[in-house]
Every structure is written in C-alpha cells, then in structure tokens.
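Noted in TrEMBL for the protein shown:
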- 97: active site, nucleophile (ACT_SITE)
- 167: active site, proton donor (ACT_SITE)
- 8-226: domain 'UCH catalytic' (DOMAIN)
- 89: site 'Transition state stabilizer' (SITE)
- 182: site 'Important for enzyme activity' (SITE)
C-alpha cells in the first residue's frame with residue numbers, strides 16, 4: 001500500500017540483502033533473489049536461471065491510474081484467470097506490499113521450489129483453504145510471520161517513513177504462463193506464455209510499458225531464481 005496504517009507492518013527494503021535473510025526466517029530454501037539492474041536486452045542475459053518471478057518496486061501514485069486501465073481491459077475481455085493464488089491487501093496490515101509480492105510469488109511456485117515446513121508453509125497451508133478476501137486478515141493475524149517481518153524491517157538501513165509512496169508487485173511464471181500479481185488490483189493479470197529461461201525478458205515488456213507511463217523512473221527490481 002502507498003500509505004502506512006497505524007499499527008501496520010513496516011516496509012521491507014527492496015534488495016536481496018533484505019529479502020534473502022527474510023526467506024530463511026520464514027523457512028523457504030528453494031530460491032533466492034538477485035538484483036535486476038536494467039531491462040536492456042544485453043543486461044538480461046546475465047540473470048541466472050531458472051527465472052521464476054520478478055518483484056518490481058515503483059512509484060505508486062503515478063502508476064496507479066495506468067495500471068487500473070490495464071485491469072479494466074482484462075475484465076472487459078473476460079480474461080480473468082483461475083487457479084492463481086491471490087489475495088487483496090487490507091489497509092490494517094500497513095506497508096506489507098513487498099511481503100505480499102513475495103508471498104504471491106512463493107504461493108504460485110508451489111511444487112516447483114522448496115517452500116519448506118516453516119512459518120510461510122504453515123500460513124500458506126491455511127491460506128489455501130480460505131477465500132481471497134480472508135487471506136490478508138489471516139496474514140495480519142499470523143504472529144510468527146509478523147515477528148519475522150518486523151525483525152527483517154528493523155534490520156534494514158533505511159529509516160521507516162510515515163508515508164511510503166512506492167508499491168511492490170510481482171510477475172510470476174506459473175505453469176508456463178506469466179502473471180502480473182498486484183495486491184491492490186482486483187485479480188492477477190495474464191500476460192501470455194513464458195519459460196524459466198525467458199521469464200524476466202517476457203516480464204520486461206509489461207515493466208517497460210509501465211515505466212513509459214510514469215514520470216518518476218525510480219524503479220527497482222529483483223529476480224527470484226531457483227537454487
């Protein structure tokens with residue numbers, strides 16, 4: 001979310017030095033994240049494979065109107081996907097959009113990576129059994145994940161601001177299909193076929209389109225790759 005709610009979760013820093021230790025804290029060992037410094041073709045070839053997801057951080061306010069139109073178009077064309085794990089982010093949980101992007105990635109990589117038997121796996125087992133609109137509350141009430149999240153946020157180098165004007169979304173390769181998953185959107189957005197070798201390149205088409213429609217180009221990105 002763009003604005004921090006009182007009592008909500010703190011924002012996580014958008015870098016592998018923060019996310020990789022967080023993955024260990026929640027019991028996930030099957031993947032790690034690496035920085036994506038550029039979406040230029042010659043730079044993308046250096047990103048390791050298998051490429052499973054891309055977490056993007058961008059200026060929220062400028063991009064929201066553009067993204068809303070993209071989802072309206074999906075709804076109009078009747079392409080709302082099924083079988084993709086998804087949850088909307090409630091205001092009560094605060095600045096957890098980075099965590100939502102990460103958890104959306106992990107949940108849709110089930111059976112492809114080792115999600116372990118730790119804090120995330122225990123929450124995910126319960127989250128699969130409830131409705132989409134109940135999953136955010138289930139997460140905010142999970143004291144084990146909340147503790148791991150807060151520990152990670154406090155270990156960061158950046159002072160927590162009162163308002164966070166950036167938002168995280170993820171692009172995930174689920175069963176050979178690429179999806180954009182945004183916890184502030186109404187549903188996942190299908191973007192076509194992809195592979196573990198071309199996932200970041202395929203996602204870059206949507207990322208570049210987003211970047212071309214905002215004035216503030218302060219983006220950051222991380223690739224989730226299988227070990």
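Keep in mind that glycine also has a Cβ here, set from the backbone N, Cα and C atoms.
Taking the C-alpha positions, the distance from the residue listed as 'active site, nucleophile' to residue 89 (site 'Transition state stabilizer') comes to 7 Å. All chains included, 23 other C-beta atoms sit within 10 angstroms of the C-beta of residue 89 (site 'Transition state stabilizer'). Cα spacing between residue 89 (site 'Transition state stabilizer') and the residue listed as 'active site, proton donor': 12 Å, rounded to the nearest whole number. Separation of the C-alpha atoms of the residue listed as 'active site, proton donor' and residue 182 (site 'Important for enzyme activity'): 9 Å, rounded to the nearest whole number. With a cut-off of 8 Å between CB atoms and residues at least 6 apart in sequence, the same chain places 67, 167, 169, 189 near residue 182 (site 'Important for enzyme activity'), listed in sequence order.
The average pLDDT computed for the domain 'UCH catalytic' (8-226) is 89.
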